[in-house]
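Novice: The topological domain 'Cytoplasmic' annotation in Swiss-Prot covers 1-5, 68-76, 143-149, 221-253, and the record cites similarity to another entry as its basis. Annotation comment: Swiss-Prot describes 6-30, 46-67, 77-103, 117-142, 150-177, 196-220 as transmembrane segment, evidence class similarity to another entry. What Swiss-Prot lists as topological domain 'Extracellular' is 31-45, 104-116, 178-195. What Swiss-Prot lists as heme b 1 binding site is His48, Asn113, Met114, Tyr115, Ser116, His118, Glu178, and the listing cites similarity to another entry. Per Swiss-Prot, the feature heme b 2 binding site maps to Arg68, Lys77, His84, His157, Lys223; the stated evidence is similarity to another entry. For Lys77, Lys81, Arg150, the entry in Swiss-Prot reads L-ascorbate binding site. Taken from Swiss-Prot, the feature Fe(3+) binding site applies to His106. If you look up Swiss-Prot, you'll see 227-253 marked as region 'Disordered'. Swiss-Prot lists 230-240 with the feature compositional bias 'Polar residues'.
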Amino acid sequence: MENYPQFLLFFILASVVGIVSIAVALSWVLHYREGLGWDGGAAEFNWHPLLMVIGFIFLQGIAIVVYRLPWTWRCSKQMMKLIHAGLHILAFILAVISVVAVFVFHNAKNIPNMYSLHSWVGLAAVVLYPSQIVLGIAVYLIPVTPVRVRAALMPLHIYSGLFIFISVIAAALMGITEKLIFSLKSPAYKDSPPEAVLVNVLGLLIAAFGALVVWIATRSAWKRPREETAQTLSNNTTSPEEIKVGTDMTTTS
């Protein structure tokens, strides 16, 4: 891999920022909000931001870049496809649970649904995401699609995946801001109480994680090498810094 130390730095940063984001989201709902529950009350709503950060942001981000981890190149391409799809499916399951929690809470409290830009963008991402997963499995995981078709569709697959991921980041930033505006009364959001500061930090962490994932996913020098090259790596002890595969990258990794 070219610039392996740089890749490792960005991946470690992304992982740390993502994990810290989850910790901050958990701290927010446990310390400043009503905790977690499943009774139609505010504690049920709190699953929404927490599971969105864990699933729709962190797990989706890791799923996007998992192909590019050099230590996975010793695994078969089919195995990595299964891991890639599995992470996306798990992220989607958590996202669905979080959306259900919101609707149950809103209906229990007679709060209108689907009126804000946050809800529109967020639901659009939730609807598009399974379509991306199903098409990805049909085209790339099930070995029946011609290689030429897979190669032709790969740019669209990559673009739509990143578009959905960025849309989720945008929806999350709108959502946590909306929650603070509605919830903080005395002191108000504009007075910057500790909860507001904490959640603003969460927003910055989410944005930073998204930026790091997109950067890692769009560096052509960090793509997974061709299958035959990856198999060669599994049979030698060449360090990632010494592996030069810039000219051997496929367009379908």
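Every residue gets a Cβ built from N, Cα and C, even glycine.
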Novice: Using C-alpha positions only, work out which of the binding-site residues His48, His106, Arg150 is nearest to Lys77 (heme b 2 binding site).
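Specialist: For Lys77 (heme b 2 binding site), the spatially nearest of the binding-site residues is Arg150.
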Novice: Restricting to the topological domain 'Cytoplasmic' (221-253), report the mean pLDDT as a whole number.
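Specialist: When the pLDDT values over the topological domain 'Cytoplasmic' (221-253) are averaged, the result is 53.
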Novice: Can you check which residues sit near Lys81 (L-ascorbate binding site), meaning Cβ under 8 Å from its Cβ, same chain, 6 or more apart in sequence, and list them in order?
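Specialist: Within the chain, Lys81 (L-ascorbate binding site) has Cβ neighbours under 8 Å at Tyr140, Leu141.
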Novice: Measuring CA to CA, name the entry from the binding-site residues Arg68, His106, Arg150 that ends up nearest Glu178 (heme b 1 binding site).
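Specialist: For Glu178 (heme b 1 binding site), the spatially nearest of the binding-site residues is His106.
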Novice: Tell me, how many other CB atoms lie within 10 A of the CB of His157 (heme b 2 binding site), whichever protein chain they belong to?
Specialist: 16
Novice: In terms of Cβ proximity under 8 Å, which residues at least six beyond the ends of the topological domain 'Extracellular' (104-116) contact it?
Specialist: 40-42, 44-45, 48, 123, 174, 178
Novice: Whole-number answer please: how many Å between the C-alpha atoms of Met114 (heme b 1 binding site) and His106 (Fe(3+) binding site)?
Specialist: 10
Novice: Which residues of the same chain, at least 6 past either end of the transmembrane segment (46-67), have a Cβ under 8 Å from a Cβ in it?
Specialist: 11, 14-15, 18-19, 21-22, 25-26, 28-29, 33-38, 80, 83-84, 87-88, 90-95, 97-99, 101-102, 105, 125, 129, 161-162, 165, 168-169, 172, 175-176, 179, 202, 206, 209-210, 213, 216-217, 223-224, 253
Novice: Apart from its near flanks, which chain residues at least 6 from the ends of the transmembrane segment (6-30) lie with a Cβ under 8 angstroms of it?
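Specialist: Sequence-distant neighbours of the transmembrane segment (6-30): 36, 46, 49-50, 53-54, 57-58, 61-62, 65, 68-70, 195, 198-199, 201-202, 205-206, 208-209, 212-213, 215-216, 219, 222.
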Novice: May I have the list of same-chain residues other than His48, Asn113, Met114, Tyr115, Ser116, His118, Glu178 whose Cβ is within 8 Å of the Cβ centroid of the recorded heme b 1 site, in sequence order?
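Specialist: Checked against the 8 Å cutoff, the neighbours are Val102, Ser119, Trp120, Gly122, Gly175.
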Novice: DSSP says what for the topological domain 'Extracellular' (178-195): how many helix, strand, coil residues?
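Specialist: The counts are 11 helix, 2 strand, 5 coil.
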